[in-house]
Amino acid sequence: MQPVLRRARTTFFNLYFRSLTPLRNNHSLPGSNINWSKPTFSRSPNPEDRHTMTKEATPPPPATTTRQPPSLPNSPIAKRPKTTATMAPAAESAAAPAPAPSESTTTPSATPAVTSLSQSKAPPLLVKKLVPTARVPTRGSAFAAGYDLYCVKPIVIPAKGKDLVNTGLAIAVPEGTYGRIAPRSGLASKHFIDTGAGVIDADYRGEVKVLLFNFSDTDFTINEGDRIAQLVLERIYTPEVVEVEQLEESVRGAGGFGSTG
């Protein structure tokens, strides 16, 4: 019974003195085989003396110990704002294949960029020559609004008078449009030549003639091939005519002929 108590007491003191840090600086405890400057132990290889502790050489503790401040808790990750994704059609969402690289260099076009109103190609203006000397209408620039009309035979517009000038052309304007005969600014500003009313309907197939007025005091001579007016194509709306008893009132009412100032 005494050997068991002795071993229990030895184990208790070993555990107790290992927790006493002031005695770990090269102090030996009487009656014990523990050297506190070397705190680690290993068991004896002899299985019969398994309670006997042997000393092991371990490096001494560091002279100074640097205490690190406690680390702060990490900030939570910011929440991402909700975004509403617009679903594109399957045909548009598919990525187009990348174009093959070309060795040729692309030069910028000299034509100014103009926004296209419609992706579909506009219907053509059909022109028929009634005489061989007639000239097809042309535009002075890429974005000119009107088509220049040419005189087919010489004519003289008398002073303070008027006359019809032949073009030798018959045209068919696109459906939903009409042709308007407009004056040329050069003839009006230099020679006082103006055009009269001219509306070419989509179903008119006769020769296009231009009514010219001469507001100057001298006769004006027009030669074959001279530009006399311009043809402008304009869209029209032809709604159904409905007769009513009353019209909706408006702020202006019946005011006209300079009533607004």
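Residue 1 is the first one shown; counting continues down the chain.
From the backbone N, Cα and C atoms, a Cβ is placed for every residue, glycine too.
Annotations in TrEMBL come from automatic prediction, not curation.
Feature annotations, courtesy of TrEMBL:
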type     : residues : note
COMPBIAS : 22-45    : compositional bias 'Polar residues'
COMPBIAS : 83-116   : compositional bias 'Low complexity'
DOMAIN   : 134-261  : domain 'dUTPase-like'
REGION   : 22-118   : region 'Disordered'
Query = Across the domain 'dUTPase-like' (134-261), what does the pLDDT come to on average, as a whole number?
reply = 94
Ask   = Could you give the number of helix, strand and coil residues in the domain 'dUTPase-like' (134-261) as assigned by DSSP?
value = 7 helix, 50 strand, 71 coil
